[in-house]
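Trainee: Structure below; questions to follow.
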Amino acid sequence: MEILIKNGRVIDPKNNINEKLDIVIKDGIISRIGKNLKEEGRNIINADKMIATPGFIDIHVHLREPGFEYKETIETGTMAAAAGGFTTVACMPNTKPVVHSKEIVKYIKEKSKRTGYVNVLIIGSITKGLEGKSISDINEMVEEGIVAISDDGKTPMDNEIMIKAFKEAKKYNIPLISHCEEHNLSNGGSINLGRASERTGIKGIPSAAEYLIVKRDIELCEATLSKLHVAHVSTKESVELIRRGKLKGLNLTCEVAPHHFILTDDIISLKDTYTKVNPPLRTSKDVEAIIEGIFDGTIDIIATDHAPHDEDSKKVEYSRAAFGISGLETAFSLSYTELVLNRNLPIDRLVEMLTVKPAEIIGIDKGSIEIGESADITIVDLNREYTIDSRQFYSKGKNTPFNGRKVKGKVIYTIVGGKVIYEKGEIRCL
Ligand code: DOR
């Protein structure tokens, strides 16, 4: 059965399109794009007063499988993705076992095929067991299809190991995604070092814990002429270092998570561990620098760092609580409300940061609406206002500091490979 998406405003930044158009999907593929296309017995999706964009792509999620299925599974994490408008996600390797060999890549691939609601890409670890001591089996993981390497959640502190890793990534033309944290400086801290850590007595993490490694990795990227993608940028200094690195013409990109351009450490209280995330929430000076980086293109994309946790890992003393925010189901509305409505970022730029740009970074042929391409499409009602309530999440992780926040821009349909996976709040069975 063919699907006709009618009367939506199609926003496809890759092809410079922002106009009211109809889209026909046949056998999972986009077969026509045009004005006033006939209904001709097709299944109609009425997208009037809505936007239709390429399916969102999130290159930084934690699906927790294998090993932490009590926090999330590929099934629940990809349902959350679909509810958030994401048709492709790339999952981080800090699972149990760690994704450091072809067997584990194969396991996730197979499980995603059976239980995943959206496209799942896999990121292999840089070092075995994320221990920072010896390089993972990158060659065989690449053969199984990993799209990048990262020790996300940790930073290999040994420079020699990092040089080897950059060279390996270069050999296979994949990016090294760096979680930038100088562990000797973060050293058991839980929140940003500064006014909030003084006010609450919670141990702080200095900005330098991030930007010293951003600096190191940009230098190693330059020395090895390889691709570096900096994960979850949170400090003003990091933005400036990346800006300068880009001016030099390095193969350098970076991402930001919504919580790092919306929240500051002013909201932190000892009671609310949902605000605990790594890197930590910073100051308004950092938020403003990040916003500037989004506007001038220093920051390439938005990635959620979707980090679902079980309640037992969060309902403990602040210093012992797990780091992380469940992000897939709030990313679009938070970003739209903050960046487009509050700060006047053009909507096309927001869509670009969620579609074609992440696709380019991990080297996949997605992120646009083109005839002959797989129909991964997200339809959003920009006028729909709602209040975030994590009890409604498909994700097992209810841990968000955004509960109770009023936002605008609701995902209404998520279409993956021509199949409507999510429609008006409901996930369709596989
Ligand atoms: O807050 C975080 N949680 N930051 C990370 O880098 C890892 C993540 C997790 O795995 O929970």
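Any Cβ shown, glycine's included, is placed from N, Cα and C.
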Trainee: Which of these, Asn15, Asn16, Asn18, Asn94, does TrEMBL say binds substrate at the same site as His62, Leu63, Arg64, Asn278, His309, Phe323, Gly324?
Mentor: Asn94
Trainee: According to TrEMBL, His179, His232 bind Zn(2+) 2; identify which of Asp152, Asp158, Asp265 is listed for that same site.
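Mentor: Given His179, His232 bind Zn(2+) 2 in TrEMBL, the matching entry from Asp152, Asp158, Asp265 is Asp152.
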Trainee: Given that TrEMBL lists His60, His62, Asp152 as binding Zn(2+) 1, which residue among Asp300, Asp305, Asp310 does it place in the same site?
Mentor: Asp305
Trainee: Taking ligand 1 as the reference, state which of the binding-site residues His60, Leu63, Arg64, His232 have a Cβ closer than 6 Å to one of its atoms.
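Mentor: Result: none.
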Trainee: Where His232 (Zn(2+) 2 binding site) and Asp305 (Zn(2+) 1 binding site) are concerned, what is their Cα separation in Å, rounded?
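Mentor: Between the Cα atoms of His232 (Zn(2+) 2 binding site) and Asp305 (Zn(2+) 1 binding site), the distance comes to 7 Å.
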Trainee: Please name which of the binding-site residues listed here, His60, His62, Asp152, His179, is nearest in space to His309 (substrate binding site), Cα against Cα.
Mentor: His62
Trainee: Between His62, Arg64, His179, which of the binding-site residues has its C-beta surrounded by the fewest other C-beta atoms within 10 Å?
Mentor: His179
Trainee: Work out how many Å separate Asn94 (substrate binding site) and His179 (Zn(2+) 2 binding site) at their Cα atoms, rounded off.
Mentor: 12
Trainee: Rank the binding-site residues Asp152, Asp305 by the number of other Cβ atoms within 10 Å of each Cβ, and give the residue at the low end.
Mentor: Asp152
